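As recorded in TrEMBL:
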type	residues	note
DOMAIN	20-173	domain 'MARVEL'
TRANSMEM	30-50	transmembrane segment
TRANSMEM	70-92	transmembrane segment
TRANSMEM	104-130	transmembrane segment
TRANSMEM	150-177	transmembrane segment
């Protein structure tokens, strides 16, 4: 029996960048990463405005600081989360333990579901605050495009995270249905990730 066949068929193999980029969940994760960067950038750069007669800056979303704080914090946390899971996706083929692979996939599915919910709440919150914002709070109309971009990319982020969760769940179900298995070091047959 080959000593390298422990857990995954290509465990401890060389990293293949082309195969990594071609995976659907990697593409979705990169798109989610870009969306979170756009949301964070829009609010951090143009999300705070002031009237010509005021010195203090307020959030463009109905002067509600919580709306801007939510968007900035969720955008930056989603950015970091995407980076962490991109690193995990790159490292995933080297994980040889079935239990560790299962933990990684379940953490990925749970995180994707969590971020889908977070961006749904964020979209609803930002859209509501933008809808009730008073025109006299922003007489120069500065930052309006950035606010609309943050709302739009919050909406699109819902779908990228839902699709990421769905792709991972479907691949797990297909692995279970197909009965893909391997023979571990003990000689007993074990199923794949799920």
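Note that Cβ sites are derived from N, Cα and C of the backbone, with glycine treated the same way.
TrEMBL annotations: computationally assigned, not manually curated.
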Residue list, the transmembrane segment (104-130) vs rest of chain: Cβ under 8 Å, 6 or more residues beyond ends.
25, 32, 60-62, 64, 67, 70-71, 74, 78, 81, 85, 88, 92, 95, 147-148, 150-151, 154-155, 157-158, 161-162, 164-165, 168-169, 172, 193-194
Whole-number mean pLDDT, the domain 'MARVEL' (20-173), equals 90
